[in-house]
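> Provided herewith is a single structure, encoded as structure tokens, for subsequent inquiry.
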Amino acid sequence: MQWTVVIPLKPLERAKSRLAPAAGDGLRPALALAFAQDTVAATVACPSVRDVVVVTDDVRAGRELAALGAHVVPDAPGDGLNAALAHAARQVRSRHPEAPVAALNADLPALRPGELARVLDAAVPFPRAFLPDAAGIGTTLLTAGPGTELRPRFGGPSRARHRDSGAVELGGGQAGTTGPADADATAGAADGIGYAGSVRQDVDTGDDLRAALALGVGPHTAAAAAGLLIPD
Ligand SMILES: Nc1nc2c(ncn2[C@@H]2O[C@H](COP(=O)(O)OP(=O)(O)OP(=O)(O)O)[C@@H](O)[C@H]2O)c(=O)[nH]1
Ligand SMILES: C=C(OP(=O)(O)O)C(=O)O
């Protein structure tokens, strides 16, 4: 199955506010753009992806991400992340009513196309499915198969919200757990995706950035973070 992946991005001046202590407000917008560029480039390169749609009102980011192959949709609702995602998903379905749609965060600088393909392939049997983030609290990916509404519930403790909404957790998560996505190395074997660390490693804080750099980030983030000393 070939997915249309919707990637939301805040205006860069406001993005990644939790990175300010590590990066300062000077570097923060450049890092937010670099994360989005590496996320989009890896998604465009993913064999299970047909189209990438970025929903953003940031003119510069829209231009840079379109140059990588993304279609750019304005954040017309202007009412936060979930409204932006629902709007973009509706736009996709108005042109391709049977398109399988996935929402993916823009802050996955270590994303690898092959790992994303394994996660998307594992989602195919389910009307809705999601992948928890590396911390085990949030969500990095939510899918809706043909004929199913996306119904995004991102923000804060969205792992529990997506599970409560009936979406199937990928990566072997146990119903009722809220802790780190820990048992996944073994439990992930159930759906064949393994731990899929590059799809889970979102970057909100300096510690997250350190973890992503250890996994191996894409070229935009490597350049933007060069010389950055991340405080403990
Ligand atoms: N288009 C759009 N994207 C959003 C909006 N809010 C958040 N996002 C994006 O959704 C993803 C997760 O967002 P957040 O964690 O809320 O924001 P962030 O900029 O990543 O980080 P913080 O500022 O530290 O909260 C990121 O890709 C954001 O750029 C919104 O209102 N509109
Ligand atoms: C919006 C989310 O991500 P973040 O960790 O960036 O807040 C989320 O996990 O639902």
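Quick reminder: no glycine exception, Cβ is built from N, Cα and C everywhere.
Automated prediction, rather than curation, is the source of TrEMBL annotations.
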> Which of these, Thr139, Thr140, Thr143, does TrEMBL say binds phosphoenolpyruvate at the same site as Gly155, Ser158?
Thr139
> Tell me the coarse DSSP state (helix, strand, coil) of Gly155 (phosphoenolpyruvate binding site).
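Going by the DSSP assignment, Gly155 (phosphoenolpyruvate binding site) belongs to neither helix nor strand, so it counts as coil.
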> Which residues, in sequence order, are found in the same chain with Cβ within 8 Å of the centroid defined by the Cβ atoms of Thr139, Gly155, Ser158 at the phosphoenolpyruvate site, excluding those residues themselves?
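Here the nearby residues are Gly138, Pro152, Arg153, Phe154, Gly156, Pro157, Arg159, Arg161, His162.
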> Three-state secondary structure of Thr139 (phosphoenolpyruvate binding site) from DSSP?
strand
